[in-house]
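Report on the structure given below.
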Amino acid sequence: MKLLVLILVIAFDRFLEFFQRWRADRWPHRVTIEVFDTLAGMIGATAARLLVWLLLPVVLLIWLGIGGDGWIGWVVSLVVLLLVITPRNTSEINRQLLDAAGRDDQETVEAARRVLFDGTPVDSAQATTRQTGERIIVLAFSEWFLVLFWFVLLGPAGALFYRLTEWLAQAPDPEAGSRVGSGADADGEGRLRRWQTKAHALLVLPAAPVFTVLMLLAGSFQRGLNAWRGDEALGREHGAMDGWEAGSIGLIARVGHAVIDVERADECLDENACLADQRTWYRAAHAIVLRALLFGLALVAVLTLIGWVP
């Protein structure tokens, strides 16, 4: 069942434009934060965080279980995944980046980079070819693979729980600014958010080495293996919120860069490289992502055949 849902999600993401428009507007993310803000005004930020964070995943887990069998489970799983994958519509943004670089359209390339680097300390206007290639790979991990990883393990409840954890860890309490002076209250309300940040890092931790192995299979194995180590500074550069998460994201970025194998790599990575040379690197990074995800899908197929995945 899960294998079929994954195949349908990939197909729908590619061909159903209204889902792409929703994600381009970040509709699921915005609605989640608006609900949180509204509830925080009614019952307080801490209670609102707990309610938004746990209510729907727990209901889904009790209702459908881990497997989510039956046609109702199929439909719910499909809808949940389509709402929580690629919240910034990175699949389409990557295609726009490649097309614009091929046309030498600097304005569209910069617009695509602004979307890709949103939420990071990197100035998209100053982003290098290497940083952009790493960003393509890191976003494939955080926006695609992590959701699918927890869906395979825990069903639609797992996928939804991961994404809600990420969104709420990023969201400040609505009343935080007005309570800076009241230390005890502010600390009490901020404690749950810190727990969510740590929970998000723990959810990233087991998935990172799996995706790294898939990238090794998809690209230059030996170079990627030599680059295998966590890099907290690089992870922070890509917007990681916690030290543990930063180490995992830094690992993905380091190995992702190392496994890319193109001719004239030095020219592509040069600070003054033209858009055509940059496009060669971006296309190679995008190809690594696609091959890694396909290898992951093949792994799920094998696990389904031997009965380890329902």
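Note that Cβ sites are derived from N, Cα and C of the backbone, with glycine treated the same way.
What TrEMBL lists as transmembrane segment is 39-64, 71-88, 144-162, 201-221, 288-309.
Put simply, of 39-64, 144-162, 201-221, 288-309, the stretch with the most CB pairs closer than 8 A to the transmembrane segment (71-88) is 144-162. When Cβ-Cβ distances below 8 Å are used as the criterion, the transmembrane segment (144-162) is approached by residues 2, 5-6, 53, 56-58, 60-61, 64-68, 73, 76-77, 80-81, 84-86, 90, 200, 203-204, 207, 210-211, 289, 292-293, 296, 300, 309 of the same chain, each at least six residues removed from its ends.
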